[in-house]
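Noted in TrEMBL for the protein shown:
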type	residues	note
TRANSMEM	B:7-26	transmembrane segment
DOMAIN	B:62-266	domain 'ABC transmembrane type-1'
TRANSMEM	B:66-85	transmembrane segment
TRANSMEM	B:97-120	transmembrane segment
TRANSMEM	B:140-162	transmembrane segment
TRANSMEM	B:199-225	transmembrane segment
TRANSMEM	B:245-266	transmembrane segment
TRANSMEM	B:296-322	transmembrane segment
DOMAIN	B:354-549	domain 'ABC transmembrane type-1'
TRANSMEM	B:358-380	transmembrane segment
TRANSMEM	B:392-413	transmembrane segment
TRANSMEM	B:419-438	transmembrane segment
TRANSMEM	B:477-495	transmembrane segment
TRANSMEM	B:531-553	transmembrane segment
Amino acid sequence: MSSVTLKSITKSFKTVQAVKELSLDIQKGEFFTFLGPSGCGKTTTLRMIAGFYYPTTGSIFFGDREMTKVAPEKRNTGMVFQNYALFPHMTVFENVAFGLKVRKLASAEVKKRVEEALAKVRLDAFTKRQVSQLSGGQQQRVALARSLVIQPEILLLDEPLSNLDARLRDEMRTEILRLQRDYGITTIYVTHDQIEALSMSDRIAVFNAGECQQIGTPKEIYNEPANDFVASFIGETNLIPVQLEGREGGTLQFSWVEDNSKKLMAERPAAFSEEELLSVSIRPEAVEVFEEPPVNLQNVYEGTIELAQFTGASLNLFISLGGKVVQAMVLNTMAHPEPEPGDRVWVRLPEFRVRVVPRVMEPKEGRRIS
Amino acid sequence: MKNRDHRFTLLLLIPVVLVLVAYVLYPSLRTLIESFQNKEGWSGGNYADFFGSESRSNLQALWNSVYISLLSVFFSALIGVPLAFIFNKYEFPGRSFFSSAAILPIVLPSLVGVMAFMFLYGESGLVPNAIKDLFGLTNIPFKIGGVSGILIVHAYTMYVYFYMTVSSTIRSIDPSLEEAAYNLGAGRLTVFTKVTLPLLTPAIVGASLLVFMTSMASFSAPFLLAGGFRVLSLQIYFSKVNGNLSMAATQSVILSIVSISFLLFMRWYQNRRDYRMATKGIGAHRSEIKNPFLKGLMVAVGVVGVIILLLPHMTILILSLVPDGTWTYQTYPSVFNGENYLFLFTEPKIWDPVRNSLILAFLATLGNLVFGVLTSYVLVKRKFVGKNMLDIMVMLPWALPATVVGMNLVLAFNESSVFTFGHILVGTFWILPLAYFIRHIPLVVRSTNATLEQLDDSLEEAARNLGAKWFYLFRRVVLPLVMPGVMAGTLLAFVEAVGEFPTSVLLYTLGNRPISIEIMNQLRMFNMGQAAAYGMIQISLIGLVLFISNKFFGIKAERSL
Ligand SMILES: Nc1ncnc2c1ncn2[C@@H]1O[C@H](COP(=O)(O)OP(=O)(O)O)[C@@H](O)[C@H]1O
Ligand SMILES: [Mg+2]
């Protein structure tokens with residue numbers, strides 16, 4: 001087991017810069033996740049850690065050993081590929097035994113360890129099978145066993161669940177977590193699925209376009225996003241472009257960019273500098289909806305319900321505040337009358353729940369400005 | 001609805017089955033029957049003769065065929081497999097040019113190729129004589145002929161099978177398999193022997209069987225180069241020429257048994273060892289060669305290789321410019337002009353074979369087109385009992401050596417039969433188009449199958465749903481979509497028919513003698529120039545067809561060879 005340190009790593013392919021100036025510190029035994037949309041450089045980073053690519057600039061350390069240019073077979077990492085990469089000409093046993101045979105272990109020892117590993121992933125009944133005769137979930141577990149059996153210093157998983165159907169995915173999520181806790185192994189997990197990232201990780205690094213946007217625990221990432229990209233990529237959110245008007249103690253005063261007459265108070269800003277463009281982010285579940293104008297409250301705006309979606313546990317309301325549509329999630333309390341499109345309502349964005357973030361995306365489009 | 005569908009399938013099946021029974025199955029059976037006849041009637045005497053002690057020559061020929069084929073497999077693999085690796089795993093300047101040049105031997109019809117090798121490396125060949133003069137030797141340093149000649153020609157033409165199958169397998173191997181092995185700590189050698197090689201085994205075995213079958217059937221090379229050396233395909237021809245049809249039939253049956261058992265073995269093996277890759281990876285990463293010395297070496301080897309590969313083509317081109325009678329006792333030809341080509345277009349006697357070949361090939365290919373599309377459609381898109389049988393019948397002409405196909409036709413149609421509407425076909429114009437047609441049934445059906453299989457059934461259903469009748473939707477939906485594949489296969493069948501030698505030599509008449517027969521005649525009269533000019537026509541036709549397929553249909557036609 002080992003910690004992993006990336007020191008300002010850059011990787012360029014012919015025309016694209018897949019990873020830009022990335023620095024990371026991953027602790028021993030940590031479950032660390034790379035999260036980001038597809039094409040943002042997660043796989044490239046993982047492959048640099050496994051040694052399949054060498055960084056264009058920067059360096060990689062396992063513990064205090066420099067690994068930047070060490071060949072992949074000398075790194076002792078266990079990688080689980082997105083498509084499992086099981087050897088089709090070998091049985092389950094032979095697949096799992098491959099790494100041990102390469103290490104020239106005695107065959108009795110190989111047998112013992114392989115059987116242990118297969119038992120750990122609950123496949124002890126399938127040793128003799130050809131891998132093509134296994135279901136997707138079983139193949140996944142063979143791949144896991146194969147990389148765990150060599151007792152790697154670091155376990156690397158590249159979107160391991162993306163080829164499974166929804167049910168199996170839930171099952172394997174707990175399975176992977178259980179194995180990781182069992183072995184206590186440093187794990188780097190690549191995914192574009194925010195639920196996976198939030199539910200499994202000790203810490204998450206959010207990537208976009210080759211750059212790391214934020215590193216933090218799932219709670220930090222969700223509750224205190226560093227910018228509007230992180231806020232909107234993880235979970236649903238409403239983003240309202242604002243400009244700073246002044247501050248009063250810990251409270252900041254803003255006005256809407258789209259409508260100067262609308263004012264907004266906020267208590268929980270992210271780090272930002274004076275020159276940056278700003279937005280506020282507020283999660284739908286934090287938005288409060290009233291049928292009558294509330295008294296003595298701030299950040300209240302009048303609006304009309306445009307659409308009401310029933311999702312079972314809750315109701316998603318899309319409320320138009322004079323041009324700007326805000327999404328609110330209210331619990332299903334079976335209240336009568338139910339909110340309906342066309343209803344006049346008052347919306348409150350509680351000042352202790354709005355998060356002020358630097359704007360790195362164009363509003364609406366979801367693309368970056370710079 | 002169900003019933004109507006069944007009836008319709010039956011309607012489509014009738015012509016297909018009829019043609020196959022009449023022209024594939026029946027002639028094969030005729031040969032089988034003939035092999036069990038002698039003057040008194042039914043007997044196994046021919047087989048006793050074949051394996052008997054009096055006529056050693058037959059057994060010797062069988063053994064020669066087998067060992068030449070085994071050696072051909074070995075040498076072809078020796079060239080083809082490493083080439084496939086170098087061109088698909090490494091990146092260096094000129095790689096893509098060299099890799100396309102590697103399939104050059106395909107552009108050479110077998111007879112023309114053998115001819116080129118004779119003039120290049122034979123007794124009075126240009127290369128040995130050039131070396132002799134260059135180094136002032138008293139004798140030529142080497143020459144090919146007999147076994148060595150056959151083997152070199154086989155290796156030159158057949159390594160392409162290895163090259164193409166192994167290349168495409170290398171490209172289809174998910175690169176993450178090798179990466180997974182590295183990740184588990186395996187070094188280069190282990191990865192190669194434990195992962196890469198086992199994954200390539202099916203391709204290598206497949207190519208080996210193919211090369212074995214092809215060289216068992218090979219006719220042109222032994223015909224021109226064997227000298228006194230006997231192989232089975234040639235024995236059939238000699239028996240026929242000597243009028244011993246029963247022995248020719250017996251020899252055909254034995255050669256067919258060897259070929260067909262290999263075909264069956266190949267089918268069985270491929271079904272057993274089919275490692276379907278879980279997902280196609282990003283495609284093989286080619287590692288760039290950085291070491292300048294190695295890079296230079298690769299390029300040099302590539303250039304030399306291309307020159308060797310191109311020499312036969314160049315030889316034919318140069319020879320075609322040598323007028324008759326100007327190159328007799330001299331070591332090198334000295335006069336060059338376009339006389340041979342001029343004759344082609346001015347002398348009817350010289351032009352006739354070209355015209356014959358084009359007409360014969362056109363008729364045969366037209367048949368292949370119609371029959372191929374119909375058969376392929378029935379095989380791929382319709383359900384019926386006995387589909388496997390039909391499939392095997394369609395592939396039969398591919399497994400049968402060309403000489404055997406020719407013999408089958410001789411034996412079946414030198415008498416009148418219901419399948420020829422009471423006519424005797426042997427000795428008429430029509431026997432050759434029929435022979436070419438039969439030979440190329442599998443080619444057109446296979447290339448059409450490949451495109452039809454990719455055609456989603458729902459397209460047909462959508463057309464039905466919109467009210468289209470079968471013929472309309474076939475014409476407006478199915479045909480346009482499969483046309484590229486069909487045309488690629490058909491054009492290839494056309495050029496193959498233009499170059500076809502083994503069946504031609506068994507079945508031609510004075511009136512319909514095709515190019516390949518005339519090449520043989522010109523060689524006999526030592527008119528190399530005219531023979532080469534004919535060869536150039538064939539080479540240009542094949543080149544043109546490959547170019548058209550690639551450019552207009554976006555199809556690598558050479559794949560379906
Ligand atoms: N071998 C390669 N050659 C060229 N470009 C590559 C290669 N691998 C990845 N890229 C590019 O680098 C970028 C990041 O890719 P990747 O790391 O695979 O993204 P992710 O795994 O986050 O989806 C993409 O734009 C991709 O096209
Ligand atoms: Mg990826």
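Yeah, the Cβs are placed from backbone N, Cα and C, and that goes for glycine too.
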- Item | Distant-in-sequence neighbours of the transmembrane segment (B:531-553), which means Cβ under 8 A and at least six residues beyond its ends | 106-109, 111-112, 115-116, 313, 315-320, 322, 340-341, 343-344, 353-354, 483-485, 487-488, 491-492, 494-495, 498-499, 515, 518-519, 522-523
- Note on the structure: Contact set of the transmembrane segment (B:245-266) with the rest of its chain, CB cutoff 8 A exclusive, min separation 6+ beyond the ends, reads 28, 31-32, 34-35, 37-38, 46-47, 49-50, 58, 62, 65-66, 205-206, 209-210, 212-213, 216-217, 232-233, 235-236, 239, 395, 398-401, 403-404, 407-408, 410-411
- Query: Taking residues 6+ outside the transmembrane segment (B:477-495), which of them lie with a CB under 8 Å of any CB in it?
  - Reply: 361-362, 364-365, 368-369, 372-373, 377, 440, 443-444, 446-448, 450-452, 455, 459-460, 463, 468, 538, 541-542, 545, 548-549, 553-555, 557, 560-561
- Message: How about long-range neighbours of the transmembrane segment (B:419-438): same chain, 6 or more residues beyond its ends, C-beta under 8 Å?
- Response: 22-24, 26, 360-361, 363-365, 367-368, 371, 397, 405-406, 409-410, 412-413, 497, 500, 503-504, 507-509, 511-512, 514
- Item | Most Cβ pairs under 8 Å with the transmembrane segment (B:392-413), selected from B:97-120, B:140-162, B:199-225, B:358-380 | B:199-225
